[in-house]
Structure formats: C-alpha cells, structure tokens
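Enquirer: Before I ask anything, here is the structure I am working with.
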Amino acid sequence: MSNLMTGGQMRTHEQAVIGGGSVTGLALMQRAGQGVFDAISQAFPELSDACGRRALILCGPGNNGGDGFVVAHLLAAAGWAVDVALLGEAGHLPPDAAANHARWVGTGAKRRDVLSLDQVVPLIAAQGAPDLVVDAVFGTGLRRGLSADVVEALRVSIEAARHSVAVDILSGLCADSGKWLGQAADLTVDLTVTFHTAKPGHYLAAGGRATRRLVIVDIGLPVQSARIEDAELIDAPAYSGEVARKDPASHKYGSGHALVLSGGPGRTGAARLAARAALRIGAGLVTIAVPPGAQQEVACQITAIMLTRVADSEALGVVLEDKRYSALCLGPGLGVGERTRSLVSEALSAGRSVVLDADALTSFADDPMSLFEQVRGADVVLTPHGGEFARLFPDLAEQLRAVAETGPAVSKIDVVRAAAARAGCTVLLKGADTVIAAPDGRVRVHAACRERAAPWLATAGAGDVLAGFVTGLMARGLEPLEAASHATWLHVECARAFGPGLIAEDLPEALPGVLKALL
Ligand SMILES: NC(=O)C1=CN([C@@H]2O[C@H](COP(=O)(O)OP(=O)(O)OC[C@H]3O[C@@H](n4cnc5c(N)ncnc54)[C@H](O)[C@@H]3O)[C@@H](O)[C@H]2O)[C@@H](O)CC1
Ligand SMILES: [K+]
C-alpha cells in the first residue's frame, strides 16, 4: 500500500524539507518539470522525434505554473516548437515560478513571447491542433472553481491536442477530494504526472475518471512512513496474497464458522450469495440461518453450505451458544424492521465478529445512535452503499454530496473517517471509489478506476457477495479493517477476472482462479 497525501500534507512536507536545507524549492520544481518531461517521453514514444512537433503549455499563477515553464523549457531544448500561455500577471508569480518564467522568456534578442490564456482558443483556430497540451494551470493550490474562460481554454486545448497531460492534477479538480470545485468541467486527460505520492483526488469521485493514466514521479523528497492521518491506497499488484495462503495443517474449524442470516420465502437469494462468498473465501464452514418458512427454499439450493432454523432473536441466541460460530453476516435480504433490529442486537451481544449490510443498516435509519451504541468497540464492519450511508449518517452524506465551491473540499475519506469514529466500528462505504475507515482513524482507499476499472461490478447482488467476503475473512480471524480491505480488493479482482457479462453469482466462482494466481 502507498500513502495518499493531501495538498496540505505535501506543502508541509515540502516546506519542512526545504527548511532543513537539503534542497531548494527551485530544485524541486526543476525535478518536477523534468519528471513530467520524462513521463511524457515514456508514455508517448511516438513523440520521440521532436521535428515539427508543437506543444502548448498552459501555465497558472502559482507553482503548478512554474512546473509548466520548466516543461516548456525542456521541450524547447529537445527541439519542439512551444507556445506558452499564462493565466494572470507574470509579476505576481511566486518566486520559484517567477524564476522559471524569466528563464523561459529569456533576454535580449532571444526574448520569447508568453501569451495570455484568452489567446489560446484563437491560436488553436489559427494553427490547428498541437501534438501536445500541458495543463499547468492549477495543482494542489486550487481554492475555488475555474472561471468560464479558463474552462474554455482547457477544453478547447485538451479536445484539440493529440496528447494531453496534466501537471500534478487536472486543473479544476480538488486534489484532496477528487471533486470539481464549482461547476464540473468534466474533462479527461491522457496522462497526469504527480509528485512524491498520488493524491486522494486522483482516485476519489470525478478524479478517478479525469485521467487515463497516472504516473507518480520521485522528486527526492524523503518517504514518510504511514501515520494514522494518512489515507493508504490499496494498490499492491498482489495485495491479497496472504489471504490466498492457508496453513496446510489447518482443519475446517481452524478457519472459522460463518453464520449468514437469511430473509423469508422469496428473499433468500441475497443470503445464499453472501454464504457462498464466505465459503469460497475460506471460512471453514458456513451455515445459513433461515426462518422456518424459507427452509425448503434454501435447502434445495445448497450443498456444502449448511442450514439452521432461526425464527427469531431468541432462537439466534440458542444457535450462538455454539461458540464455534466466529463471524456473522446480517442484512442481505433480511427485511427492514423490528425483527431485523432484534436479530442484530442478539448478534452483537454474542461478542462475535459481525458484518452489517443492507437491511440491517436501513432498519436503524430512525435511530442510528441505538445501533452505534451496540457496535462501539466491537469487531464490526458496516458495509453501506451511498443510500444506506445517508440513512445512518445524513449530515455526513450531505457534506459529501454538496457542490464544493471552495477547496480543499470535504472528501469521501473525511466523511467515512468521521462515520467510523461516530459509530465506533469499521465502516466501508462502497462505490467505484471504496473508502474503508477504522474507528481509530486509519483509512484505506480502493478505486476501481483506470487499470483496475471493473464496470461490470455494478450488478444486482454484488454487494451481498462483498458482505460475504468480509464475513468469511473475519471468520478466518482477520481484524475488521484487514478483512474489509482484502474483501474489497478481491471483489474487484474477481470482476476483472470474469469481465463482461458478470452477474453476482460469478463473483464467488471467479475467486478460486484469482486466489490461485496470487500464490
Ligand atoms: N508541494 C510540493 O512538494 C511541490 C509542488 N510543486 C508544484 O506546486 C503546485 C502547488 O503550488 P501552489 O501552492 O502555488 O498552487 P497552484 O499552483 O495550484 O495555484 C495556487 C495559485 O492559484 C490561485 N488560485 C487558486 N484557485 C484559483 C482559481 N480557481 N482561480 C484563480 N486563481 C486561483 C491561488 O490564489 C494561488 O495564487 C503543485 O501542484 C505542484 O505542481 C512542484 O513544483 C514540486 C514540489
Ligand atoms: K494542473
């Protein structure tokens, strides 16, 4: 896993390193620009012959613009014809950006023009499409939405150019939240080159769709080890390798026994999906707890999975006298209401690992605090989708949904971390960008975007399978944050392995192949 540093964390880190005297801001800017130039050469080998190539560099009023001037200089030195446009007054640039502006403009007979940003659209109309456009208008310093003329210059350049590159992050996107500040510009570039670590905004919300490739350049800043306030990105290529391995000497009870509670007749499918997922991911035994009326329906559709009758919370209490049940899953297809609330309370009072999903969450919509009082401090994972999250944490959901006028904007990381602290247990908020937070403040992000895109996962029942994966891993003894993180990675990996045509039933069946590939 790697850290995702916010704009503020980057600034603090950079200033501490510069303050320590080991490097200057100007040197960091040179390394950043060089990193962008090198990444362009690597990503687009077809541009290696600079002869006749034209680049357009759009620079902004801060240090992101300073990086742009460095890139302009390097491209020109490599033989490109380069046009540079600046938003704002050169005289207002911060010192390092001003130095690189001055170097670009040159002196005397070698003086070059710098266009203003409003000359960009006419330039493209007159000259035709450039081979390359570089967006260095705003980076981590973006504080409000882009003005209409900046959006227009960016849109026309990006759409016209054969290759488009954003320096640090596509201008207009908040680096901390991945949201567009103000009006959504909905642009996409071919490549984004960022520095030191990726930023949350490269993965969350619109940020996951705003670039087709992301390259992280080492600019020589020391790597900090993960601190509790850092969000970690689940990005290792074989992330769940440890989950794929099982102790050769283990017997079935050594891998735990998961109990999945089912809804009534005609509503048992979700629990069966979760149960099969729990078994596939390695729980030694899995039992479905069915209300008596649904016994026949479930019995004729299971084989390795076992069945026990549970009419009500009292019956659940009796079943849980068997201490070998190590993890419980409540929610998929369970029904919303008092019966589910009492089953949840019974499950939580039994002191096992518990996953609460779907109806088990919605059943507490009228009084979320009564749920939080019961889960606080226990090995519990809540796995809401956006709608269920909004029922339990309406104020946080509203903060996340609100249009962000100023930056840095409230991010999915911020709200899921706040939700986990409030509930006192691990919270996994599903989506193309999944954020998992533990009550102690640790946060993991997994984004099914770019090379990990899994659009087929948006299918009925996929969430039930995810709940089953988390349950199976907790039955095996993983702590809540680890179980939720591995389940999320494997869930996407299964969808990617199966590909188009995926339905939820395919996910547990794809898992053996995925696990085998990890060994
Ligand atoms: N922090 C670091 O470690 C490094 C930062 N570098 C570069 O520096 C960038 C950050 O520089 P800055 O902090 O100067 O920030 P930016 O260059 O992103 O922009 C800040 C400037 O834009 C103005 N501004 C913000 N939003 C605006 C809007 N919507 N309309 C008009 N003006 C707006 C601000 O008032 C400020 O003048 C990074 O993204 C990166 O490209 C690199 O040079 C290397 C190292
Ligand atoms: K940018």
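Backbone N, Cα and C define each Cβ position, glycine as well.
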Enquirer: Per TrEMBL, which one of GLY461, GLY463, GLY468 shares the AMP site with LYS430, GLY431, ALA432, ASP433, THR434?
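Expert: It is GLY463, as the record lists it for that site.
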Enquirer: Which one, SER2, SER22, SER171, SER177, is listed by TrEMBL in the same K(+) site as ASN64, ASP135?
Expert: SER171
Enquirer: Express the distance between the Cα positions of ALA270 ((6S)-NADPHX binding site) and GLY463 (AMP binding site) as a whole number of Å.
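Expert: ALA270 ((6S)-NADPHX binding site) and GLY463 (AMP binding site) have their Cα atoms 9 Å apart.
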Enquirer: In DSSP terms, helix, strand or coil for GLY431 (AMP binding site)?
Expert: coil
Enquirer: Taking each of LYS430, GLY431, ASP433, GLY463 in turn, which of these binding-site residues have a Cα lying within 10 angstroms of the Cα of HIS385 ((6S)-NADPHX binding site)?
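Expert: Of LYS430, GLY431, ASP433, GLY463, within range: LYS430, GLY431, GLY463.
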Enquirer: Reduced to three states, what secondary structure does DSSP give SER171 (K(+) binding site)?
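Expert: In the DSSP reduction, SER171 (K(+) binding site) maps to coil.
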Enquirer: Apart from ASN64, ASP135, SER171, which residues in this chain have a Cβ no more than 8 Å from the mean position of the Cβ atoms of those residues at the K(+) site?
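Expert: Checked against the 8 Å cutoff, the neighbours are LEU58, GLY60, GLY65, GLY68, ALA136, VAL137, PHE138, GLY139, LEU154, ALA166, VAL167, ASP168, ILE169, LEU170.
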Enquirer: Using a 10 Å cut-off between Cα atoms, which of these binding-site residues sit near ASP433 (AMP binding site): ASN64, GLY65, ASP67, ASP135, SER171?
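Expert: Neighbours among binding-site residues: none.
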Enquirer: Between ASN64 (K(+) binding site) and ALA432 (AMP binding site), what C-alpha distance do you get in Å?
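Expert: ALA432 (AMP binding site) has its Cα 29 Å from the Cα of ASN64 (K(+) binding site).
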Enquirer: Suppose the AMP site is LYS430, GLY431, ALA432, ASP433, THR434, GLY463. Which further residues of the same chain have a Cβ inside 8 angstroms of that site's Cβ centroid?
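Expert: These residues sit around the AMP site: HIS385, LEU429, ALA448.
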